[in-house]
Amino acid sequence: MEVTFTGDSVIDGGDGGGVSKSLAVIACTAMAILYVAILYAPTLILRLPPPDSFQSHLIRRFICAAISSVTSLIACSLILPIQWGKSHLSGVYGIRLDHIWQAVVFPLTLTSLMYAGTFILKLLLLLDSGQEDGGNGRSLSLDSIKNVVHEFIESVSSMASDISAWRNFFVAPLTEELVFRACMIPLLLCGGFNTYTVVFLCPISFSLAHLNHLLEYAQRSGSWLKALTIVGFQVGYTVIFGSYASFLFIRTGHLTAPLVAHIFCNYFGIPVIISRRTGMVTVASVAGLLGFIWFLFPLTSPNLYTATTDNCMCWHRYCSWS
């Protein structure tokens, strides 16, 4: 499937590419609503009976998310100023195989700096476990390493049959990045929005899409206040992560970059910043944050992820963002 751009090549961050701002915003809003609303379509619209198990419930949601993603991709291709011709349509969405190792290694390295405190805490817990083993007459280092390797292998092997793991580490990251990054960002960029406006605007719809968990949390906890607190924190966190993921996508032009960062963050959860256990965690967190800021632009330099920045289209904003 190949396309070519029918508008002007991108010159600076303020130029549009044949898509009006209002149309771009309306399309993005519709995609966000569809992504959430379709999850409830089987029971509310199709009148299907409720799933008889948690696995059936998630499989049904996987199908809905896939339909939503494909619909958004098709709609985006119809709205953007492109036609069949000289370049692959997948490149519009950042779906590329070139520079793949850079799109995996550099974003993971950058993201891991924010988890320096988490890694230090896990290391201290590992050392404590080793010391307890040593007190029982076993080798501190050897047994600790064996336990870590064994637990890691078990966790990885169990993921293949864990439906929740498929949701957290594959379906949710993939479909969310396709809709909220690969589709929405090209529309907003070609709509003429400023780069940083897109970086901070796009995550709003991404975070609001998580409001559908409010009723679920309220039913679980029995308290709307507690549910609002949880969802409010989740929305705030997704705005921050969404901005970072949008930054990665625009800077690299590679969907793999925000995708691997998304999976990484889903796996490790909220970074540990402060621990009552020791001040080393806080020191590591601050050092990691400073390292993150220092390497943010160097490790996302467009030259690392693409062979050329000539003849760029309106969705290739990295060409004018050195």
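Note that Cβ sites are derived from N, Cα and C of the backbone, with glycine treated the same way.
What TrEMBL records for this protein:
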| type | residues | note |
| --- | --- | --- |
| DOMAIN | 165-268 | domain 'CAAX prenyl protease 2/Lysostaphin resistance protein A-like' |
| TRANSMEM | 23-46 | transmembrane segment |
| TRANSMEM | 58-80 | transmembrane segment |
| TRANSMEM | 100-121 | transmembrane segment |
| TRANSMEM | 195-215 | transmembrane segment |
| TRANSMEM | 227-249 | transmembrane segment |
| TRANSMEM | 255-274 | transmembrane segment |
| TRANSMEM | 281-297 | transmembrane segment |
- Item | Segment-segment contact (the transmembrane segment (100-121); the transmembrane segment (281-297)) at 3 or more Cβ pairs under 8 Å | yes
- Note on the structure: Long-range Cβ contacts under 8 Å made by the transmembrane segment (23-46), restricted to residues 6 or more beyond its ends, are 60-61, 64-65, 67-69, 71-72, 75-76, 79, 175-176, 179-180, 183-184, 187-188, 190-191, 193, 202, 205-206, 208-209, 211-212
- Intrachain residues whose Cβ lies under 8 Å of the transmembrane segment (255-274), provided they are six or more past its termini: 93-96, 100, 103-104, 106-108, 110-112, 114-115, 117-118, 121, 168-170, 172-174, 176-178, 181-182, 237, 241, 244-246, 248-249, 281-282, 285, 300, 305
- Query: What are the helix, strand and coil residue counts for the domain 'CAAX prenyl protease 2/Lysostaphin resistance protein A-like' (165-268) according to DSSP?
  - Reply: 95 helix, 0 strand, 9 coil
